[in-house]
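**Q** Here TrEMBL flags 28-49, 70-92, 98-115, 122-142, 171-192, 216-235, 270-288 as transmembrane segment.
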Amino acid sequence: MVPYALYPVPAFLSASLADTPSLSPLTLLFLTTGTTLCSASANALNMLYEPPTDAKMSRTRNRPLVRKLLSTRAAFLFAAGCGLVGTAALYWGVNPTVAFLGAANVALYAGVYTPMKGMHWLNTWVGALVGGIPPLMGWAAAAGESATADGTFRELLFKFTGDGTSSAGGWLFAALLFAWQFPHFMALSWAVRDEYRNAGLKMLCWLDPARNGRVALRYSLVFIPICVGLCAYGVTEWTFAATSLPVNLWLVREALKFHRFEGHKGSARGLFWASVWHLPAVMGLALLQKKGMWQRVWASVVGEPVDQDEWEDVDDDVDVVSVPTSARPSVRSPHVQEIGP
C-alpha cells in the first residue's frame, strides 16, 4: 500500500530524531487483508453475473463457473463471506471511513461496472473509479492514525490545508491510479477486440478505435502534473518531479504510437508493456523520495541535525517559573545538580 507508506506522518516531518515516525503494522495488516477480501468479493460477484459472456472469450472461458466446477450457491456464499469479513476487518482494524470505501467499491464494481459493460462504453470510466479507490483507502487509513479530531470522513478525505497532511495527497494517488487504467486497458482490450465484440461487451477498442487511442494518450499526459502535485503538497521531495519525468514521457511516447497507428504495427503491445512497468516505477520512485526521508537518514548516519528552517515558527508555550534564591534549600542532594541564577 504505497499511499499508506507515503502518508506524511507528523513525527516523520519533525526536526527531532527523538520523534519516531511510524505507522501501525497491525493497521497495515488489517488494511491489506480487508482490501484483499473486498476485492475477492467483487470479483466473485462479477463472475456470478458473467458466465454467458465469459464463455465467449478465450481469457475467461476457463473460469470455475463457466466450467461448472463451482455451484452458483457456493460462489455467492464465498462472495458474501469475503465482503462481510473484509468490511468488518476494515471497520474494526482500520476505521469506518476506510470500511465504507471498501464496501462502496464492491458495490460499484459488481453492481454498476459489471452490468454496464453490456450497455455503454463509459463502463471503462466506472471501472477506472474502482481502481482509484484503494489508494484513497490507504491514505485514509494512515490519516486515521494521526487524526486530531474524531476521524470523520471529512477529516480523513477532505482536509485541504497547507501542511503535509493535506488530503490532497490521497486524491492525487487516486487520480494516478484512475488515469493509469486507460493506457493499460485500452492497449489490453485492443488485442482481444474481436472477442469483446462477439461477447457483446461495449468497449471503445472495437466501437471507436480512433477514440480509443485518443483516450489512452490523453490520460498518459495526466501523469506529469499529478507527479508535480505530489511534490507541491509535500508528499515527495521536488526531485520526484524530475526523476519521474523520463518514465512518464516513455508512457506518453508509446501512447502517441498507439494513437497514431490505432493499435497496429505493435503499438498496442508497446503501450501495454510500458503501462505494466510504468506504475511500479513511479510508485517506487515516490517511495524513494518521500518527503523528509533522506534528511533523517543523513542526520542519523552523520549525526547532524535535520534542517529546522521549516519548523522554527513553532511557538514555545512553556512558562518558566523563577524561584527566589532565598527560597532554595541550603542542603544539596548529591544526586541533583542545582542550576544557578
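Including glycine, each Cβ sits where the backbone N, Cα and C put it.
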**Q** Tally Cβ pairs under 8 Å between the transmembrane segment (122-142) and each listed stretch (28-49, 70-92, 216-235, 270-288), then give the stretch with the top tally.
**A** 28-49
**Q** For the transmembrane segment (98-115), I need the partner stretch with the highest count of C-beta pairs below 8 angstroms, choosing only from 28-49, 70-92, 171-192, 216-235, 270-288.
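**A** Per the Cβ count, the answer is 28-49.
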**Q** The transmembrane segment (270-288) vs the transmembrane segment (70-92): three or more C-beta pairs under 8 Å (separation of 6 or more)?
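**A** Contact absent: fewer than 3 Cβ pairs fall under 8 Å.
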